[in-house]
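*Asks:* I have a structure here, written as structure tokens, and I will follow up with some questions on it.
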Amino acid sequence: MLRIADKTFDSHLFTGTGKFASSQLMMEAIRASGSQLVTLAMKRVNLRQHNDAILEPLIAAGVTLLPNTSGVKTAEEAIFAAHLAREALGTNWLKLEIHPDARWLLPDPIETLKAAETLVQQGFVVLPYCGADPVLCKRLEEVGCAAVMPLGAPIGSNQGLETRAMLEIIIQQATVPVVVDAGIGVPSHAAQALEMGADAVLVNTAIAVADDPVNMAKAFRLAVDAGLLARQSGPGSRSHFAHATSPLTGFLEASA
């Protein structure tokens, strides 16, 4: 069971809504993933009416909606977008996302921290997308963010856990949930994140652009469950040396 702020989730896999060939395929994949929290970019939905092709089926499915501020470049723009989302969707949950460079889509740490502090004070449940910076993640936690979402690699790159060393530090020091977001490309990446101690992963591109998004979503669901179960089972320690699993000479001595 995963708790973030006032909500609990059975699934440790969060999903997105971008890049799917159709809203029907999107919903089939989300159902197959078992995800109970789904992000959506405010720039992609019609906030004036709930019969939007993306929004309507998500509301009907009963998943927790996590609007994100993708596309904004400053703290001020993010705060404005957050209030629009809260008014339109009736949720104070927000994935804070500020990336001014459209080529790399890397989060701006200064603007993110500034916006996070203000939004928390204004009653939002803030989940910030951020770089895998242990110092920044601790600062975001200190200003009241409900979780931190450090990247594994650049958004949509499918490179996996390129920031593993920093993620390990973030996980070790965090007192709020850590959700690895961005760069996860295959189910084994997700399993590794859960094994190393992450509380959840957010996956969008790897599922949406797969040849078979529905089966890929199932694969991610199984991988996340496997990674979590492996961690809870207490993996053996690593060693530079070999350790025999059975006596090497006992049977020889016994027969001598």
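Glycine too: its Cβ is placed from the backbone N, Cα and C atoms.
According to Swiss-Prot, the feature active site, schiff-base intermediate with DXP maps to K95, an assignment based on sequence analysis. The 1-deoxy-D-xylulose 5-phosphate binding site annotation in Swiss-Prot covers G156, A182, G183, N204, T205 and rests on sequence analysis.
Each of these features: where is it, how hidden is it, and who are its neighbours?
*Replies:* For K95 (active site, schiff-base intermediate with DXP), other Cβ atoms within 10 Å of its Cβ number 27. Under the three-state DSSP scheme, K95 (active site, schiff-base intermediate with DXP) falls in the strand class.
Within 10 Å of the C-beta of A182 (1-deoxy-D-xylulose 5-phosphate binding site) there are 28 other C-beta atoms, taking all protein chains into account.
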*Asks:* Residues other than G156, A182, G183, N204, T205 within 8 Å, Cβ to Cβ centroid, of the 1-deoxy-D-xylulose 5-phosphate site?
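*Replies:* Not counting the recorded site residues, we get A153, P154, I155, S157, N158, D181, I184, G185, V203, A206.
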*Asks:* Write down the Cα-Cα distance for K95 (active site, schiff-base intermediate with DXP) and A182 (1-deoxy-D-xylulose 5-phosphate binding site), rounded and given in Å.
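*Replies:* Their Cα atoms are separated by 13 Å.
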*Asks:* Which whole-number value in Å describes the distance between the Cα atoms of K95 (active site, schiff-base intermediate with DXP) and G183 (1-deoxy-D-xylulose 5-phosphate binding site)?
*Replies:* 17
*Asks:* Counting other Cβ atoms within 10 Å of each Cβ, which of the binding-site residues G156, G183 scores lowest?
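*Replies:* Comparing Cβ neighbours within 10 Å for the binding-site residues G156, G183, G156 has the fewest.
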